[in-house]
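Feature annotations, courtesy of Swiss-Prot:
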BINDING   His83, His182  heme b b562 binding site
BINDING   His97, His196  heme b b566 binding site
BINDING   His201  ubiquinone binding site
TRANSMEM  33-53  transmembrane segment
TRANSMEM  77-98  transmembrane segment
TRANSMEM  113-133  transmembrane segment
TRANSMEM  178-198  transmembrane segment
TRANSMEM  226-246  transmembrane segment
TRANSMEM  288-308  transmembrane segment
TRANSMEM  320-340  transmembrane segment
TRANSMEM  347-367  transmembrane segment
Amino acid sequence: MTNLRKAHPLMKIINSSFIDLPAPSNISSWWNFGSLLGICLIIQILTGLFLAMHYTSDTMTAFSSVTHICRDVNYGWLIRYLHANGASMFFICLFLHVGRGLYYGSYMFMETWNIGVLLLFAVMATAFMGYVLPWGQMSFWGATVITNLLSAIPYIGSDLVQWIWGGFSVDKATLTRFFAFHFILPFVVAALAGVHLLFLHETGSNNPSGLSSDADKIPFHPYYTIKDILGVLLLVLALTCLVLFSPDLLGDPDNYTPANPLNTPPHIKPEWYFLFAYAILRSIPNKLGGVLALVLSILILAFIPLLHTSKQRSMMFRPLSQCLFWILVADLLTLTWIGGQPVEHPFIIIGQMASILYFMLLLVIMPITSLLENNLLKW
């Protein structure tokens, strides 16, 4: 068996990626989220496949087909809620994974990090299009509002929006193409995740200290396979509790009303995992400025390696940077809260302050603090 594992062309790839892979001996549970994201993606693809067998991407029947899945298909309700809440678990793992990368300086692996940013955009696009498919009120109006943002692009904006819509409004053509893209994108995400791993295995994993661990490596199996299985069990437990006890906790009640172009919901808002970006978008009174801020709120991650001024890689031994990191986390939670609130005083000014702080922290305050820490250590 050992010889086959190391000799067979396919097994050799699996062996060098998941079995005999040299891994640092001191990586903490924060390094579990990569494998958890893989599990989330598999869950989403499988549940999505079974949902697609019963779903119809037509404006007349989309909403009733989702109802049919929940009422008439064997365990259809379970598959539907696993898929909907699986997306939430996916984003929780994503945010923690990115946060880990920021804290421990994993962004210094430039190729891996940039593929990761690309993956984040791809997953966000997939989730947005998936939210449109049930064709409820929030699906329809969310699609209308977000696609309409592209009209802010000078010269080609309005033509681009109509091209994406496939007409003069969000209608049957839009729903059909969103379903097609929502089906294909997870496979693109899976391919990108493979490239992400490929680049990671070129350098080996980072570790909490941010120091080279070449002198102290252990095989991935059995140490980290067992550790990852624990993470998977906890993820599955959390997802199962969410699905079986409060499946609609993270959803919007408006989406249980069929889409009606003549009736606008009082508060149009996306799913909870987009609220921070939505708050940044709304905090700028200008349409084009808001769109740019929205894109930059994620794209800024690609510039993080260029803004690294510290002579230490990780924040493990940098208390000032640690404080700023947790302020950033609190700021993102504030933005998430603001994104779900109506556009009125005092939420407007809180959102604007939180948005300014978000960009200031990442672009100015953290790099300057890193330089200060270098000086304090007389480096």
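If you go along the chain as it appears here, the first residue is 1 and each next one adds 1.
Yeah, the Cβs are placed from backbone N, Cα and C, and that goes for glycine too.
Sequence-distant contacts of the transmembrane segment (320-340) (same chain, at least 6 residues past either end, Cβ-Cβ under 8 Å): 99, 102-103, 269-270, 272, 274-280, 282, 310, 347, 350-351, 354-355, 357-358, 361-362, 365-366, 369-370, 372-373. There are 20 other Cβ atoms within 10 Å of the Cβ belonging to His97 (heme b b566 binding site). Segment contact is absent for the transmembrane segment (288-308) and the transmembrane segment (33-53), given fewer than three CB pairs below 8 angstroms at sequence separation of 6 or more.
Within its own chain, the transmembrane segment (178-198) is flanked in space by residues 17, 37-38, 41, 44-45, 48, 52, 55, 57, 112, 115-116, 118-119, 122-123, 125-126, 129-130, 132-133, 143, which lie at least six positions past its ends and keep a Cβ under 8 Å from the stretch.
In the three-state DSSP classification, His83 (heme b b562 binding site) falls within a helix. Here the CA atom of His83 (heme b b562 binding site) lies 24 Å from the CA atom of His196 (heme b b566 binding site). Shown are the binding-site residues His83, His182, His196, His201; of these, the residue with the fewest other Cβ atoms within 10 Å is His201.
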